[in-house]
Amino acid sequence: MMMTLTGYLKVVRPVNAFVSGLTAALAVLIATGRLDGPVPLLIAVVTLITGAGNVINDYFDYQIDQVNRPNRPIPSGTVSLAGARRYAILLFIVGVLLSFGTTPLCALLAVFNTLLLVLYAARLKAVPLIGNLTVSYLAGSIFIFGGALSGTTGELITLPIAAITFLGMVARELLKDGEDIEGDRAGGARTLPMLIGVQKTGWVAFLFALAGIGASFLPYLTWGQEYLVLIALPDLLILAGALQGLRSVDSTTLRNSRATLLLKGGMFTALAAFTASALIL
């Protein structure tokens, strides 16, 4: 019994899910400069729906994980396929029901993201570029959740941040696919680098990263010139990562370039810049 309970805890990836919930709360802080309203409820909604998405993703990846990640709860047998399906449905339902205690826009977003998470796991994940766009939207939408709890003014502040997250995530996801091209090919996956090559994928990622840097200037309208100082380092890291990806001709040079690490660092420092701007500017 304990082994099964441990499996059900692990399959939601609790740290990942809870960090998503805390990020939504951080989005409220960025939007308003304080944590007012049903923020704990929002954390619960985002945590539950993210956790459910992790479960349903592992449910549809069961056969692949049997080979690549046999120690995960479903292929290892600590969580059954039927149990995982029921568990995901339960978490989705509870998350959506709780969202009705927040705001209408949050509730609408909870329903939409729930449907998209299922569609992503079942179909879109295997579609080149579309899968990357979907998972990047889902990451960026956490900031939309926070803005939606804060009303129209809050949404206007968090939408550019969601856009920056989305565009930066697309660039990083594409380069990660470029790094993993051999393993993906062996596993029967279809990714953009497999279709057009690592070098051309680097160009696509570069354009998304540039768009993200462009979007990062939008909060200047709210926070002024001091914000531009804070966002300079994140933008430089994102640009450096994108340029490293652009110079990579194959998966080996791409991995050695540390492009995805630079992009990740840029996105984390951008989040710190947004938070600092909301609190001090």
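Cβ atoms here come from the backbone N, Cα and C positions, even for glycine.
Nobody curates TrEMBL annotations by hand; they come from automatic prediction.
Look at TrEMBL and you will find 12-32 (among others) tagged as transmembrane segment. Sequence-remote contacts of a segment are chain residues at least 6 beyond its ends whose Cβ falls under 8 Å from one of its Cβ atoms, and for the transmembrane segment (12-32) they are 39, 42-48, 50-52, 54-55, 91, 142-147, 149-150, 153-155, 157-158, 161, 271, 274-275, 277-279.
Annotated transmembrane segment per TrEMBL: 39-56 (among others), in sequence order.
Residues annotated as transmembrane segment in TrEMBL: 89-122 (among others). Long-range contacts of the transmembrane segment (89-122) within the same chain, counting only residues at least 6 positions beyond its ends with a Cβ under 8 Å from a Cβ of the stretch, are 12, 38, 41-42, 44-49, 51-53, 55-57, 59-61, 131, 134-135, 137-138, 141, 144-145, 148-149, 151, 155.
According to TrEMBL, the feature transmembrane segment maps to 129-150 (among others). Residues 20, 23-32, 37-39, 42, 45-46, 53, 102-103, 105-106, 109-110, 113, 116-117, 119-120, 156-159, 161-167, 169-170, 173-174, 177, 192, 204 of the same chain lie 6 or more positions beyond the ends of the transmembrane segment (129-150) yet place their CB under 8 Å from a CB of it.
The transmembrane segment annotation in TrEMBL covers 203-221 (among others).
Beyond the ends of the transmembrane segment (227-249), by six or more residues, the same chain brings 168, 171-172, 175, 178, 198-199, 202-203, 205-206, 209-210, 212-213, 216-217, 219-220, 257-263, 265-267, 269-270, 272-273, 276-277, 281 to within a C-beta distance below 8 angstroms of the stretch. TrEMBL lists 227-249 (among others) with the feature transmembrane segment.
Summarising the annotation, TrEMBL assigns transmembrane segment to 261-280 (among others).
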Restricting to the same chain and to residues at least six past its boundaries, which positions have a Cβ under 8 Å from a Cβ of the transmembrane segment (39-56)?
11-14, 16-18, 20-25, 28, 84-85, 87-89, 91-92, 94-96, 98-99, 101-102, 106, 110, 113-114, 117-118, 120-121, 138, 142, 145-146, 149
